[in-house]
Structure formats: structure tokens, C-alpha cells
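The structure appears below as C-alpha cells.
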2 protein chains.
Amino acid sequence: MPVNLPLPDVATLFPIAGVRIGVTEAGVRKVGRKDLTVVLLDEGASVSGVFTSNRFCAAPVQLCREHLASGQSMRAMLINTGNANAGTGADGLARAQSTCVALAGKLGIAAQQVLPFSTGVIMEPLPIDRIEAGLDAAIADARLDNWLKAAEGIMTTDTQPKAYGAQITMGGKQISVSGISKGAGMIRPNMATMLGFIATDACVSQAVMHELSLALAEGSFNRVTVDGDTSTNDSLVVIASNKAGNPEITSLQSTDGQALKAAMLGVARQLAQAIVRDGEGATKFITVQVEGGRTAEECRKVAYAIAHSPLVKTAFYASDPNLGRILAAVGYAGIDDLDQTGIELYLDDVYVATRGGRNPGYREEDGQRVMKQSEITVRVGLGRGAATETVWTCDFSHEYVTINADYRS
Amino acid sequence: MPVNLPLPDVATLFPIAGVRIGVTEAGVRKVGRKDLTVVLLDEGASVSGVFTSNRFCAAPVQLCREHLASGQSMRAMLINTGNANAGTGADGLARAQSTCVALAGKLGIAAQQVLPFSTGVIMEPLPIDRIEAGLDAAIADARLDNWLKAAEGIMTTDTQPKAYGAQITMGGKQISVSGISKGAGMIRPNMATMLGFIATDACVSQAVMHELSLALAEGSFNRVTVDGDTSTNDSLVVIASNKAGNPEITSLQSTDGQALKAAMLGVARQLAQAIVRDGEGATKFITVQVEGGRTAEECRKVAYAIAHSPLVKTAFYASDPNLGRILAAVGYAGIDDLDQTGIELYLDDVYVATRGGRNPGYREEDGQRVMKQSEITVRVGLGRGAATETVWTCDFSHEYVTINADYRS
């Protein structure tokens with residue numbers, strides 16, 4: 001059961017002119033499930049991507065990087081579930097390449113104009129025959145209003161599709177943003193077993209797309225964690241189809257640039273938080289906010305130490321205000337000169353610890369009350385500077401173990 | 001059920017001349033359990049300690065560091081379970097100090113000659129009345145052959161006491177080593193919610209004790225992990241009572257120094273591995289061996305990434321050879337220039353991955369066979385140097401969640 005995660009509201013999933021999506025059942029790993037998605041882009045779209053920091057990155061990630069660096073314009077994306085095509089060596093690269101060639105042939109474009117994405121089990125050969133056999137059906141299904149179906153088509157252990165949209169007005173023109181994501185385990189900053197696709201019809205110069213995709217990743221997908229495992233396949237792709245007729249955005253610092261970035265970041269953050277809300281076995285959604293650091297980096301270290309601690313996460317699961325575990329995580333986060341007497345800890349509005357010790361006014365029943373909620377904010381003050389960072393995570397339950405002990409069976 | 005962990009063999013727990021141990025039930029947190037231990041040292045013992053790297057270190061750890069740095073000779077240790085006296089601020093320091101003063105008063109020594117240790121729940125005030133009321137009984141119980149009772153007296157979530165010994169001959173003199181440890185969760189290098197005490201009757205110069213205790217920690221307790229949480233209270237204390245009559249060891253590089261270090265390291269490693277074998281919810285004992293690194297540090301990074309991955313640990317629990325999860329952990333371990341095509345992976349004798357892809361000769365049933373064992377060695381080759389490191393860990397089970405969701409109740 002995801003934590004406070006409503007099903008996508010189709011009324012807010014806006015068609016993006018120039019971006020058509022088709023989904024089919026190719027039987028990649030199991031029959032009878034949507035597992036193959038194509039995204040077809042009209043000529044002239046601006047596209048950029050951010051990919052996993054995992055050095056063991058999957059074959060499709062390697063190809064995406066190559067294709068985006070080629071200087072060619074991107075015209076299609078090909079996404080399969082059921083198989084991650086990671087840990088597959090040279091053969092895996094050849095297989096990913098083969099699927100790009102096959103799709104490019106059917107569309108009359110170059111293979112380098114296709115971005116491939118795979119998610120699922122690692123270290124098994126990609127079944128290219130089944131994928132290539134499914135291409136015609138996926139292409140035939142391509143429509144502007146297929147965002148929800150695409151969100152379903154990229155799910156793996158997700159229990160719900162994840163899709164959000166937004167609209168803004170810019171210079172008299174209506175601008176739409178729609179996005180989908182998937183991911184539920186192997187989720188950690190930089191980025192997650194996570195796929196995210198966010199498209200807008202706004203006119204955006206290719207020159208600012210890299211900065212835009214980085215900003216969206218940093219403000220959303222790079223701030224969520226479920227289990228601390230960074231996947232081999234994480235990919236966030238940002239598309240501007242350049243159809244809306246607004247004056248082209250050539251700087252993110254411009255008024256229009258800031259407005260578009262804010263709208264897209266809102267969608268990206270919802271998509272990223274949805275992954276945590278649907279985290280494997282999650283029963284609670286936890287916001288970890290670290291303030292008073294000297295640098296943003298040390299705030300992130302502390303926030304992730306808390307967000308990754310199995311002891312903290314099981315305490316949340318148990319609704320047990322065993323808050324010393326949070327302080328212990330602060331202590332081992334890796335700030336070598338941290339002075340524990342400067343540490344403050346709040347649980348929502350409850351003031352738990354001060355100067356590194358229990359706040360005299362703290363009462364266990366207040367901590368208990370907050371711990372029972374399904375949404376909890378942990379706020380840590382480091383007392384050594386002005387930097388602040390926020391990450392989002394979930395608790396750690398029996399169900400997590402069950403899901404991951406059974407994933408392949 | 002601990003993994004292949006026999007009960008201590010009392011025949012190998014040797015009395016250490018000059019080291020008497022007494023244990024009592026002080027009712028620190030719960031009644032009817034041994035929870036207060038004193039270790040009384042004759043004059044003239046050499047003593048050193050290694051303590052947690054957690055910046056949120058507990059009050060007793062702060063006092064241990066102070067007392068050891070004071071230049072005074074150590075004469076007693078005072079160990080309580082049920083309460084960690086961590087996250088307790090200035091009041092916690094005063095309470096720890098009070099227990100040292102109380103014990104010192106009864107023994108006619110200075111408070112600085114007492115080393116205090118606490119383990120248990122964090123952020124609750126240490127019940128000094130109960131501890132101080134128990135001192136007389138603990139002192140009255142002091143005997144040379146109480147090692148097993150002490151191992152029981154320092155247990156928290158441990159399911160079994162942990163105690164080992166060794167004997168060697170040196171210059172015609174028999175040298176004995178005995179040690180105890182506790183810890184089962186919040187276990188991670190540097191060090192663990194772990195207490196370890198290792199004593200020998202050998203004559204060892206105080207000048208080499210620091211080097212000796214560091215060497216023992218690095219080769220044992222700093223190489224085990226259960227859940228990646230570094231505790232606030234980890235302490236390893238090494239004692240040489242200087243009673244055996246051997247020529248004093250003034251260098252660990254001497255023949256005698258090496259022999260003693262090897263014997264004590266053997267005991268330390270058994271004590272540390274016992275903590276993993278008794279890890280909370282553990283059903284398997286995993287050795288992670290990383291070879292071919294440029295530096296020992298990068299080998300450790302990779303070993304710990306594997307040993308801490310909830311996905312890897314749940315796969316071991318499930319006996320599922322989902323070995324891509326291990327490769328993924330290698331990839332995100334933080335070696336920025338790692339070339340995945342140099343990676344090799346073995347599971348015991350089974351050659352799983354080569355050049356970053358599946359070994360063509362690997363068969364799933366071979367991986368399955370090894371995964372079903374209760375003891376498994378994961379061996380990763382990085383193919384970029386000659387450094388090697390080994391860490392020990394356990395799997396991640398439903399029982400871990402149950403234990404840690406219920407710990408305080």
C-alpha cells in the first residue's frame with residue numbers, strides 16, 4: 001500500500017504536441033503485461049538526460065550517453081521492463097544497439113536518434129527477438145494522450161503508475177508539462193532504479209537543456225532514497241518539443257526560464273516523491289530536513305545517514321520514538337569536527353533534543369504521537385552554519401524484505 | 001538462531017593473572033538479568049582502548065578517552081547494559097563520572113583509574129542509583145575464572161555470550177589470552193554497538209599498547225558490519241596484566257611481539273565474527289573479499305557497499321542468486337574511474353561474472369547451490385591493482401525488522 005499516493009489524475013496529464021507515446025505487451029519477461037513503450041518525437045525537439053552515477057551502468061545508459069553526445073537530434077525513445085540489460089558486458093551493448101537499429105529502421109531515422117531504456121532484472125541477456133517483435137504494435141499505438149498508459153508500461157515493482165502534469169501561461173501562450181516515472185526499490189540519489197520522462201511543449205533552446213535536466217534531477221530525483229542502492233539504470237530524460245509558440249527560452253535565469261523550470265520542478269518533485277511513497281514495503285513518508293550546516297554537502301551527508309539507517313527506518317516502521325537512533329546517525333554521518341553539543345532535533349513540531357541531549361520539555365507521548373503519523377518530518381539543526389538540505393525517504397518494513405527476497409521468483 | 005556459533009568453550013577461557021571479574025544483577029533496565037560487570041586490574045597492567053568514530057559518542061566513551069589520556073594507570077572497568085548513556089548531554093557525563101567516583105571510592109583508587117562502559121537504549125538518563133547500589137555485589141563476585149559470566153553480563157540483543165581464548169609459549173613461559181565481546185545490531189566498522197575486552201597476562205610495555213589495540217581493531221572489529229549503523233558506544237579495550245614473566249615486549253615487530261599480536265588477533269577475530277554470526281536476524285555468514293584494488297581503501301569501499309546493500313542482503317536471505325545486485329553495489333561504491341569491463345565475481349568456487357558480464361560458463365544452479373549454504377564467500381576482482389581487503393557480514397531477514405521494530409518494547 002503506497003503512502004498517501006492517489007492514482008494519477010488523467011485531467012492533469014496534458015498531451016504534449018510533438019510527443020506521441022505507444023505501449024504494448026511484448027512478453028519481455030512475463031506475458032500479459034505492458035512492458036514495451038515507444039516515445040516518438042517530431043523533428044526539432046530539444047532533449048537532454050541525466051543518468052546513473054553507478055560505474056556498473058547498464059548497456060542502454062551507455063548508449064543513451066553516446067547518442068546524446070553525437071549531436072544528432074533525438075527522435076525516439078524505446079523503453080522495456082522485465083530486463084535491465086545491466087551486467088551484460090559487450091553482448092548487452094550489442095543487444096541494446098540492435099533494438100535501436102530495429103526501431104530506427106521502422107521510423108526511417110538513424111539508430112543514434114533513438115534513446116534506449118531498460119529496467120528489471122540484472123545480468124540476464126536482453127530478449128531482443130521479443131522486443132523487436134513488439135515494435136510494430138507499440139508504434140501503431142502511438143498517441144498524444146497515452147501518458148497514463150506509458151506510466152503503466154514502465155512499472156516494475158511499482159504498485160501504482162506515477163504521472164503528473166502542470167500548465168502555465170507564458171507570453172500569452174499556454175505551456176503544458178507532463179511526466180511519468182517508475183521505481184520502488186534500489187532507490188538512492190544519483191539516482192534510483194528510476195526512470196523519469198518529463199516533456200513540455202515549450203520552446204527551449206537545446207543549449208540550456210543540459211542545465212535544465214540537471215536542475216530538475218538535483219531538486220527531485222537526486223533527493224529521494226528508499227534503500228540506499230543506486231541502480232545501474234537510472235535515467236531522467238527531459239524533452240521540450242518546441243511546439244507551443246512561446247519565445248524560445250535561451251536562459252534559465254530569464255523570467256520565462258525560471259517559470260518553466262519551476263513548473264517542471266513541481267512535476268519532477270511529485271514524480272520523485274511518488275517513488276518514495278510507493279517505496280518497496282513503505283508504510284510512512286519521511287521528510288528529512290537538515291539545517292545549520294556549513295555546506296550543503298555536509299547537510300546531505302547527515303540527511304542520507306538518517307535516511308539510510310536501517311535502525312532509524314525500522315523505528316519509523318514500529319512508530320517507536322527511539323530517537324537516539326537518529327542522533328547516532330547524525331554522529332556517524334562523516335562530519336569529522338561535528339560538535340554534538342550543537343545538535344538540535346525536532347520531530348514535526350516536537351522539540352526532542354537540544355545541545356546534544358534530551359530536551360527537558362520533551363515527553364515520550366509527544367514523540368509517540370508524531371511517530372504514529374503516516375507523514376513525518378525529521379528536522380536536525382547542526383548549529384554550525386546556514387546551509388540546508390532536504391531528502392525524502394520511507395520506512396523499512398517486513399514487506400520490504402518479503403518483496404526483495406521474492407523479486408525474481 | 002546464530003549462524004554456526006557454538007557456545008563458548010570454557011576450557012579455552014583462561015584465567016588471566018591480575019584480572020578479576022565480577023558480575024551482578026543491578027536491575028539497570030530489567031530485573032533478573034546480569035547487567036553490571038566490574039573488571040578489577042592489579043597494579044601495573046598496561047591498558048589501551050579504541051573507541052567509536054561516531055561524533056555523537058556516548059558519555060562513557062568520552063570519559064574513557066579522558067581517563068586513558070590522563071597518564072594514570074588503569075585499575076578497574078565498570079560495564080552496564082540496559083542503558084547506553086548516549087545522547088544525554090552534560091547530565092550524562094556527570095552520571096558516568098558519578099559511577100566512576102563510586103567504584104573508585106570502594107576500591108580506594110582514583111576515579112580516573114576507572115574506565116566506564118554502557119550499552120543499551122540511547123537518550124535515556126543512566127540510573128546511577130541502581131548501578132551504584134549494585135557495586136558491592138559485583139566486587140564481591142570478582143574472580144579470575146569469571147570470563148564466561150562476564151560475557152553473559154555484557155549481552156544486550158545478543159542471543160549468545162561471546163568468549164574466546166588462546167595460549168602460546170614465549171621464552172619458556174606460557175602466555176594466556178582471553179576475551180569477550182557483545183553486539184548484534186548497530187554494527188559497522190569503526191566499530192559496532194560493540195564492546196570488546198581482550199586481556200593477556202603477557203608483559204607488554206605500555207608504549208606499544210596503542211599500536212596493539214589499533215592493530216587488533218583493524219584486523220577484526222573494524223571489518224565486521226551487520227546493518228551499517230556505527231554505534232555511539234563502541235569500545236575495544238586491550239589489557240596486558242604483565243604477570244607472565246616473559247621478557248617485556250617493547251616492539252610489535254619483534255618475534256615475541258608478532259607472536260603475541262597473532263594470538264590476540266586470532267581471539268579478536270573470533271570475537272568480531274561471533275558478533276556477525278549472532279547479527280540481529282542473521283541466517284547466513286558472509287565473507288566479502290575484494291581483490292585487485294589500487295588501494296586498500298578502495299577495496300574496503302567496495303566490500304562495504306556490498307556488505308551494506310539491503311538488496312544484496314535480502315537476496316542472501318532468500319538464497320536467490322540475484323548476483324547482479326552485487327555488481328550494482330560494486331558500481332556505486334564510489335570508485336569514480338572504475339572500469340566495469342575489468343570486474344570479476346566469484347561466489348565461493350563458482351565463477352559468476354567476467355569482464356563485467358555474465359561468465360559464459362556460469363550456470364544458475366551453481367549459484368543457487370552456493371546461495372543455499374549458511375557460509376558464503378563473495379570474491380570480487382577489480383582488476384586494477386594488488387590491494388585486497390576482507391569484511392564479514394550477515395544477511396538481512398524478516399527477523400531483523402522484527403527485532404529492531406520491537407527493541408525497546
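The backbone N, Cα and C atoms fix where each Cβ goes, and this holds for glycine too.
If you check TrEMBL, you get these features:
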- B:Thr156, B:Lys182, B:Thr193, B:Glu280, B:Asn404, B:Ser409: substrate binding site (BINDING)
- B:Thr193: active site, nucleophile (ACT_SITE)
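Annotated features, which come from TrEMBL, shown on the structure.
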residue: B:Thr156; record: substrate binding site; DSSP (3 states): coil
residue: B:Lys182; record: substrate binding site; DSSP (3 states): strand
residue: B:Glu280; record: substrate binding site; DSSP (3 states): coil
residue: B:Asn404; record: substrate binding site; DSSP (3 states): helix
Which of B:Thr156, B:Asn404, all binding-site residues, has a Cβ with the fewest other Cβ atoms inside 10 Å: B:Thr156
Protein Cβ atoms within 10 Å of B:Lys182 (substrate binding site), excluding its own: 29
Chain A neighbours, filtered from binding-site residues B:Thr156, B:Lys182, B:Asn404, Cβ-Cβ distance under 8 Å: B:Asn404
Number of other Cβ atoms within 10 Å of the Cβ of B:Glu280 (substrate binding site) across all protein chains: 27
